[in-house]
Amino acid sequence: MKDVILIANAGSSSLKISIFAIQNKRVNDKIYNIFLEKNNNKILFYINQQKESTTSIKDDPIEMMINLFEEWWKKQSALNLIATGHRIVHGGKNFNKPVVVNKKVIKELRVLIPLSPLHQPYNLQVLDLFFQKYKAISHIICFDTSFHCTNSPITKAFGLPKQYYDKGIMRYGFHGLSYQYVSSHFKEITMEDLPPKAIIAHLGSGSSLCAIKNGLSLTSSMGFSVLDGVMMATRPGNLDPGVVLYLINNEKMTINEITELLYKKSGLLGMSGESSDMRTLIASNSHDSKFAVDLFVYRIVLEIGKLIAALEGIDCLIFTAGVGQNSPVIREMISKKLSWLGIKIDYEKNQKNEHRISTKGSKIKVFVVPTNEELIIAEEVMKFL
C-alpha cells in the first residue's frame with residue numbers, strides 16, 4: 001500500500017481535497033486533486049478535473065460532500081491514509097503554529113467564527129467530520145494567521161483602549177500559508193535568493209499584501225478580519241468605521257445586512273455591478289467595470305507604498321494567487337504606477353507569466369511565483385509524523 005496524506009480546504013459551498021503520496025518521510029507527488037461544489041441543488045464531484053458524479057442535495061451540503069468523498073475513498077484499497085491537514089483561516093492570538101487536533105482545540109476555534117464568518121464555520125465543520133470519522137490517525141491544523149506571528153505589537157495594535165488589545169482585538173493578517181509557501185520555495189522556483197526586503201501581492205478573490213523582511217512577515221494589509229486592506233472580489237477592503245455607523249443609524253441596516261454587504265456584495269462586484277471575476281471586468285466595455293479595475297489597482301499601489309515605508313525600502317515585488325499569477329494586464333497596470341521606483345517590466349515575459357518579469361535594467365526585481373497552500377500544509381503535516 002502507498003502511504004498518503006490528505007489536505008482539506010473548505011469554503012461555504014465547496015470542498016477542495018488534495019492527496020499527496022509520501023515517500024521516505026517526504027511529500028512526493030499530488031496523486032489526486034478532488035473538488036466538490038454546491039451548484040444550485042446539486043453537488044458536483046470532480047477528480048483530477050474530471051466529473052465523477054452529480055448528486056441531488058438532500059441534507060447538509062458539507063456533510064454530503066464528505067460522505068461522497070468517503071464512498072469514493074473506500075474503493076481506494078491501494079492507498080493508506082496516515083494523516084490529514086486542514087487550513088483554518090483564523091487562529092486568533094493563541095494559535096501561532098500548526099497544532100494536532102483535539103476536542104479542546106476545536107472548541108477554542110469555534111469562538112473565532114465571528115472573526116471569519118465566510119470561512120471558519122466550514123473549515124471547522126470539515127475538520128470535525130474528518131476527526132470523528134478517522135480517529136486512528138493524526139489531524140493537523142495550519143492557520144492562515146500563523147505566519148504573521150513575527151509582527152511586532154506596534155504593527156498589530158489599533159488606536160483603541162488597551163483592554164481591547166488584551167482581548168484579542170488586533171491586527172492578525174491572513175493568507176499566511178500562501179506567503180509561507182512563496183517565501184520558503186522562492187529560490188527553487190526562481191533560481192534566485194529571496195531578497196531581504198520583499199513585498200508579496202496575493203491577488204485573488206481574496207487579496208492582501210505582505211512585507212517580508214529576511215524571510216519573515218513584518219506586516220501585511222489585512223488586519224482583524226479578512227475584510228481589511230485592498231479591495232477584493234466581493235469585499236470592500238479598508239473602510240472608514242464611520243461608514244458602518246452611518247449604515248446602522250441612517251440606513252437602518254441590520255448587522256446581518258451589513259455583514260452580507262461587506263462580505264458578499266461589495267468590492268469588484270459591487271463597484272462594477274457586473275461581476276466579481278477580473279477576467280470578465282477586463283474584457284468589459286462598461287465604464288463601471290473599468291472604474292472597478294482601476295480602483296482595485298489604485299488601492300494595491302497605495303498599499304505597496306505603505307509596506308515600502310514599513311520595510312524602509314524594497315528589493316523585489318512578487319505577484320501570486322489567481323489574479324496575481326495569471327493576469328498580465330493587472331501586473332502591468334500596477335507596475336506602471338510604480339515606475340517612479342524604477343520598476344520596468346519586460347512585456348513578453350509578463351505576457352508569458354514567466355517567473356521573472358522585470359527587465360535587467362529595472363531597479364526593483366519583479367517576479368511571478370505560483371502559490372501552493374496545499375503543499376505547504378502537507379509539509380507542515382510531515383513534521384508531526
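In case you wondered, yes, glycine gets a Cβ from its N, Cα and C as well.
According to Swiss-Prot:
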ACT_SITE  Asp144  active site, proton donor/acceptor
BINDING   Asn9, Glu373  Mg(2+) binding site
BINDING   Lys16, His202, Leu203, Gly204, Ser205, Gly206, Asp277, Met278, Arg279  ATP binding site
BINDING   Arg87  substrate binding site
SITE      His175  site 'Transition state stabilizer'
SITE      Arg235  site 'Transition state stabilizer'
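Positions of Swiss-Prot features highlighted on the structure.
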| residue | record | Cβ contacts under 8 Å, 6 or more apart |
| --- | --- | --- |
| Asn9 | Mg(2+) binding site | Leu15, Lys16, Ile17, His86, Arg87, Asn123, Glu373, Glu374 |
| His175 | site 'Transition state stabilizer' | Asp144, His202, Gly206, Ser208, Cys210, Ser220, Met222, Ala321 |
| Leu203 | ATP binding site | Ile300, Phe319, Thr320, Ala321, Gly322, Val323, Gly324, Ser327, Ile330 |
| Ser205 | ATP binding site | Met232, Ala233, Thr234, Ser276, Gly322 |
| Arg235 | site 'Transition state stabilizer' | Gly206, Val226, Leu227, Leu262, Tyr263, Ser266, Gly267 |
| Asp277 | ATP binding site | Ala233, Leu268 |
| Arg279 | ATP binding site | Ser327 |
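Note on Arg87 (substrate binding site): other Cβ atoms within 10 Å of its Cβ, all shown chains, come to 23. Between the listed recorded positions, namely Asp144, Glu373, the fewest other CB atoms within 10 angstroms of a CB are found at Glu373.
Comment: ATP site residues Lys16, His202, Leu203, Gly204, Ser205, Gly206, Asp277, Met278, Arg279; largest CA to CA distance 23 Å, whole number.
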